[in-house]
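Here's what TrEMBL has on this protein:
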| type | residues | note |
| --- | --- | --- |
| BINDING | 97, 102, 107 | oxalate binding site |
| BINDING | 100, 102, 107, 146 | Mn(2+) binding site |
| DOMAIN | 52-199 | domain 'Cupin type-1' |
| SIGNAL | 1-25 | signal peptide |
């Protein structure tokens, strides 16, 4: 069965960004932990190793927008050198986490509520998909393009993602391809479609007034 233009575009955009930096990761440290220069080491206590940024999520209302709440080295300096970070991802009904990569880490996604359709594309262009229910865990290999979609029409979903890096990094494929000034004709030829279709897609990523 022949693929439609939209299906071809989706598969092409999934495989567009392959990880040249997939072998990179967090450096090993020679101390137990890394203390920022502005922190007095003699006054260090348990507060330094505690992150409270997730507390508002405990009693929050169901999400109305796709939201990612991170606990990476940027938000939680104690993670520097520890090769680990977390994110809580909230998906309103019908929302999508668009195709993206994490160049420095594998993502281990634990679905705590709802249902998700997920997938990733490997370096042979093979698409792996799965429908998850609450309690399932799915692994997105380091550097590969992947996505999540809340296929429920009337219910939200919540997932907790763990990363094997304190700074996994996120590269959004649609934004990188469509919002960085690549010529419309080049994109049309790359995706085997027309300039009008590319311009319509770009319009969806234009800054809102």
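Cβ coordinates are placed from backbone N, Cα and C, and glycine is handled just like the others.
The local packing around residue 97 (oxalate binding site), expressed as other Cβ atoms within 10 Å of its Cβ over all shown chains, amounts to 21. Cβ-based neighbour count (10 Å, all protein chains) for residue 146 (Mn(2+) binding site) stands at 23. Annotated pair residue 146 (Mn(2+) binding site) and residue 97 (oxalate binding site), C-alpha to C-alpha distance, rounded: 9 Å. For the domain 'Cupin type-1' (52-199), DSSP puts the residue distribution at 25 helix, 56 strand, 67 coil. A mean pLDDT of 92 is what the model gives for the domain 'Cupin type-1' (52-199). Of the recorded residues, residue 100 (Mn(2+) binding site) and residue 107 (oxalate binding site) place their C-alpha atoms 12 Å from one another.
Taking the centroid of the Cβ atoms of 100, 102, 107, 146 as the Mn(2+) site, the other same-chain residues with Cβ within 8 Å of it are 101, 120, 140, 144, 145, 168, 170.
When the neighbouring Cβ atoms lying within 10 Å are counted for each of the binding-site residues (100, 102), the highest count belongs to 102.
Residue density at residue 107 (oxalate binding site): 24 other Cβ atoms are found within 10 A of its Cβ, drawing on all protein chains shown.
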